[in-house]
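Have a look at the structure below, then the notes.
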Amino acid sequence: MIYQSPTIEVELLEDNIAHLCFKAQGSVNKFDRETIDSLNAALDSIKQDTSIKALMLSSAKDAFIVGADITEFLGLFAEEDAVLQSWLEQANVVFNKLEDLPFPTLSAINGFALGAGCETILATDFRIADTTARIGLPETKLGIIPGFGGTVRLPRVIGADNALEWITSGKDQRPDAALKVGAIDAVVAPEQLRPAALRMLKDAMAEKLDWQTRRAKKLAPLTLPKLEAMMSFATAKGMVFKIAGKHYPAPMAVISVIEQAAQCGRAEALQIEHQAFIKLAKTEVAQALIGIFLNDQLVKGKAKKAGKLAKKVNSAAVLGAGIMGGGIAYQSASKGTPIVMKDIAQPALDLGLGEAAKLLTAQVKRGRSTPAKMATVLNNITPALDYAPVKDTDIIVEAVVEHPKVKSMVLAEVEEHVSEDAIITSNTSTISINLLAKSLKKPERFCGMHFFNPVHKMPLVEVIRGENSSDETVASVVAYASKMGKTPIVVNDCPGFFVNRVLFPYFAGFSGLLADGADFAAIDKVMEKQFGWPMGPAYLLDVVGLDTGHHAQAVMAEGFPDRMGKSGKDAIDVMFEAERFGQKNNKGFYQYSVDHRGKPKKDLDPTSYELLQAEFGEQKAFESDEIIARTMIPMIIETVRCLEEGIIASPAEADMGLVYGLGFPPFRGGVFRYLDTIGVANFVALADKYAHLGGLYQVTDTMRELAANNGSYYQQA
């Protein structure tokens with residue numbers, strides 16, 4: 001053994017080839033400070049052994065290296081610039097040391113080689129991957145750029161255009177795509193990875209492969225003619241800004257760094273990368289996006305823990321077909337859990353199967369699936385007009401019409417047809433789980449399972465714990481949602497649960513502005529372009545359906561009359577009474593037609609303005625800051641109330657629910673990250689300015705206490 005540490009081992013193989021193996025004690029290899037120090041020491045040991053003629057890097061895990069240890073980031077990024085600069089320089093000394101070894105080097109890649117893992121393989125002369133490999137630099141998704149030489153080496157290996165596409169998108173690449181652009185040198189079956197890697201290294205040792213020229217290219221300026229460079233970077237800036245927008249600076253910074261470093265050697269190019277990295281690491285966007293990543297890990301960790309308590313789900317059933325039922329059936333079947341789709345009407349079953357087939361066909365067209373896989377998934381969906389195929393299923397998702405009596409009747413009926421230990425859930429967005437549980441003989445095996453529409457796109461599932469729901473029931477539903485590829489958050493029962501409970505105060509703030517004469521299109525523009533929502537409130541209500549919104553609003557008003565009760569007609573009532581339900585009947589706040597791609601196209605409709613003006617009088621203009629304050633303050637305070645009341649367990653889960661369930665702007669991180677960023681005291685002062693607008697604008701006593709103590713919702717790094 002040449003070197004050994006808890007994360008790395010180096011041994012000598014035949015023909016004087018050293019083998020450096022990453023073998024962390026946890027489930028995956030990642031670059032924390034300890035591993036970087038170990039790699040440095042390992043490389044020193046390798047350099048000192050003059051018998052070594054080549055080096056192979058590999059992993060003892062299912063993945064090569066998944067990246068840097070992001071749990072260290074927030075604390076590190078809070079340090080002074082000089083500390084961050086020193087950390088980057090010390091880490092890059094290690095990667096340079098790997099690149100500068102006096103013999104050929106090769107990475108044998110299995111599974112994920114992402115972020116710092118990708119930067120490791122770029123520092124070697126050759127790269128060979130097996131078919132399980134996924135390679136990429138996802139740092140822009142965290143609001144930063146690669147910091148261990150990724151922006152320097154990748155353009156010199158695969159060309160500037162390809163590197164710009166890889167790094168700005170943050171997507172990981174399949175081995176065939178990586179091979180096509182020259183990021184790797186060969187793709188082999190997993191069992192052939194080691195022998196193929198050793199053969200390639202031996203060819204390099206025998207000078208059949210020119211490793212010195214390859215290495216020299218990585219150390220030199222980019223070989224890109226000046227005019228071509230100008231055109232390439234100008235085009236990239238336009239395309240990337242169109243996708244990333246003004247709220248996400250990291251992708252644009254990547255272009256700037258690669259452009260500036262194009263005429264530089266390695267040392268100077270790395271300094272350019274370091275300076276840009278430090279600048280981005282200090283931004284609120286990076287704090288928010290890293291926070292989302294860490295919150296996502298926390299939520300997934302909870303789901304994994306729930307899996308240990310969960311009842312095994314081998315088969316499922318959804319009651320109620322149609323678009324929603326078809327979406328749930330598709331999601332379950334495509335992730336490997338066979339499902340019965342039961343309805344009382346054949347046309348509804350046809351619609352549900354059609355929805356699943358449509359989604360699968362789209363996957364095949366995009367090259368993400370094959371006709372054979374599509375057939376397998378469709379065969380995993382069993383349509384039924386009676387309960388016979390449902391009786392042996394492990395979990396049932398009731399997804400019939402959103403009406404308490406209908407749901408209660410269906411739940412009582414299905415309980416008579418399933419086994420004693422089958423789990424029963426309701427996909428409801430507003431109806432009390434405790435109320436529905438009264439229709440069951442065994443309420444302990446029942447809870448809510450709220451999917452968001454469209455099911456195949458929306459990552460969140462709210463798992464609603466009723467007062468009688470057992471721990472095993474909740475854990476089993478969480479595990480099933482995870483198996484379906486969803487992110488489950490557990491919430492306690494209350495009107496609207498979590499997501500809808502915090503959404504409708506936002507709509508109330510919007511309605512209040514319209515009652516005071518604001519233009520709904522102007523509000524949408526501010527909330528989309530400035531605050532960063534994917535859709536403004538008027539557009540979102542049109543997409544959700546104003547009939548659905550009107551019903552949910554009534555449920556919320558009944559549940560929280562002191563804050564959400566209405567004294568008169570609002571804009572949602574006006575649209576509902578005029579039978580303007582949104583996209584579903586092509587008229588809501590906006591009017592809709594179908595574009596050339598078959599997608600809904602929205603336009604302004606004079607009738608909407610006439611209806612609103614007749615009810616609320618002449619329009620008047622509002623400043624952007626007031627629009628943001630009057631819509632967001634109610635949502636933020638209601639989110640805090642949910643935490644204080646124990647409806648949601650933690651700020652992390654609340655923020656994930658908002659980002660994944662409502663599209664809360666990721667660069668703001670969620671309500672609690674946003675509060676910490678602007679300061680709780682500043683928010684309280686802002687809310688007090690609008691307190692005269694009613695109960696939705698009244699901050700809680702706990703918020704005032706936190707503000708007085710200069711506190712925060714997340715533990716400060």
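Numbering starts at 1 and runs along the chain as it is shown here.
Cβ atoms are placed via backbone N, Cα and C, with glycine included.
Keep in mind that this is a model prediction, so the values were computed, not measured.
Swiss-Prot names Met324, Val400, Val401, Glu402, Lys407, Ser429, Asn453 for binding NAD(+). Of Asp343, Asp386, Asp392, Asp471, the residue it gives for the same site is Asp343. Ranked by Cβ neighbours within 10 A across all protein chains shown, the binding-site residues Met324, Val400, Val401 are led by Val400. The separation of Asn500 (substrate binding site) from Val400 (NAD(+) binding site), Cα to Cα, is 19 Å. Annotation for Asp343 (NAD(+) binding site): same-chain Cβ neighbours under 8 Å, separated by at least 6 residues, are Leu319, Gly320, Ala321, Gly322, Gly325, Leu349, Gly352, Pro383, Ala384, Leu385. Mean predicted confidence for the region 'Enoyl-CoA hydratase/isomerase' (1-189): the pLDDT average there is 96.
Ser429 (NAD(+) binding site) and Glu139 (site 'Important for catalytic activity') have their C-alpha atoms 35 Å apart, to the nearest angstrom. Around Asp296 (substrate binding site), the same-chain residues six or more apart in sequence whose CB sits under 8 Å from its CB are Thr487, Met656, listed in sequence order. With Asn500 (substrate binding site) as the anchor, the candidate recorded positions are Glu119, Glu139, Val401, Glu402, Lys407, and the one with the nearest CA is Glu402.
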